[in-house]
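So the structure is just underneath, and the comments pick up after that.
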Amino acid sequence: MTLQQIKEIYSRPLTELILQALEIHNKNFGNDIELCSLKSIKTGTCPEDCKYCPQSGHYNTSIEKHKLLDKDSILAEAKNAKDAGSKRFCMGAAWKHIPKKDFDQVAEIITEVKNLGLETCVTLGSINADEATKLKQAGLDYYNHNLDTSREFYPEIITTRKFEERIETIRNVANADINVCCGGILGMGESLDDRFNLLLELLQLPAAPKSIPINTLIPVKGTPLGDKYTNAQIDSFELVKFIATTRILFPQARLRLSAGRENMSLETQTLCFLAGINSIFYGNKLLTENNATVNSDNFLLAKLGLKSNAELC
């Protein structure tokens with residue numbers, strides 16, 4: 001696949017693009033929606049300078065900071081997520097690298113969440129090959145490490161971590177036989193070509209991502225992008241076309257509509273489902289920002305006749 005071929009797919013008429021994406025989607029997945037829950041297990045004071053992130057220690061934001069939560073409180077959240085219908089429990093920690101003093105505790109938490117009957121996913125920053133192997137042994141199913149944007153636009157967003165470092169972490173994850181969860185953020189001021197190049201980078205990863213989070217910018221006051229923009233710099237039709245293009249390129253990946261969904265109308269979300277989305281974060285909160293409410297999600301899924309994984313088990 002080349003950049004020009006990706007452009008040609010995206011440039012098709014919207015209805016034609018959605019129809020092809022829907023056919024591919026139904027062939028590989030059918031009518032089910034994967035429900036995942038996300039918990040911030042360590043919040044704030046991150047040494048990275050990601051311009052979109054309220055957890056960066058470089059910016060003055062109003063988030064509540066906390067060190068690594070204790071195991072019991074995390075397990076209680078995981079149990080609640082399972083009872084609410086989530087299939088996967090995702091845990092995020094605002095680190096550049098996981099500290100050695102916290103590694104064993106995180107591994108133990110992964111094991112105990114797995115023992116609850118949930119799939120496990122973590123995002124802990126960069127990890128080396130040995131750490132990836134140990135996380136696999138602990139029972140980790142997925143490791144999330146987003147590329148965020150194209151290689152070309154990346155220096156405009158982050159300067160404290162090189163793009164190639166992200167690729168190396170994904171390589172370590174794949175070599176440990178952990179499923180790769182990797183996507184990006186739209187609406188940060190990037191060009192269309194940057195979005196196409198992000199897709200090309202995802203296609204060229206050391207292992208094909210099994211899960212692709214598609215985020216739209218949530219402008220948070222105090223962050224450089226939050227002070228620059230009042231909303232994500234992408235309209236609904238561009239988002240839907242990007243999702244449909246992603247579905248065509250990644251027929252067997254779960255596409256997750258992630259950050260920014262709470263700002264989308266039910267009609268826009270419906271178009272996203274038609275274009276290939278088959279996974280959402282379920283619960284009223286993401287890491288530090290609000291998510292679409294559970295009541296709203298239940299209403300929309302019922303209205304569309306979509307079934308969650310929990311209902312199909």
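Each residue, glycine too, has its Cβ placed from N, Cα and C.
The domain 'Radical SAM core' annotation in Swiss-Prot covers 28-258, and the record cites sequence analysis as its basis.
The secondary structure of Cys50 ([4Fe-4S] cluster binding site), as reduced to three states from DSSP, is coil rather than helix or strand. Annotation source Swiss-Prot lists [4Fe-4S] cluster binding site at Cys46, Cys50, Cys53, citing sequence analysis.
In sequence order, Cys36, Ser37, Leu38, Lys39, Cys121, Val122, Thr123, Tyr142, Asn144, Phe281 constitute the residues six or more apart from Cys90 ([2Fe-2S] cluster binding site) in its chain with CB-CB distances below 8 Å. Taken from Swiss-Prot, the feature [2Fe-2S] cluster binding site covers Cys90, Cys121, Cys181, Arg256.
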Local Cβ density at Cys46 ([4Fe-4S] cluster binding site) - other Cβ atoms counted within 10 Å: 22
Cα distance (Å, whole number) from Cys181 ([2Fe-2S] cluster binding site) to Cys50 ([4Fe-4S] cluster binding site): 19
Rounded inter-Cα distance in Å - Cys53 ([4Fe-4S] cluster binding site), Arg256 ([2Fe-2S] cluster binding site): 19
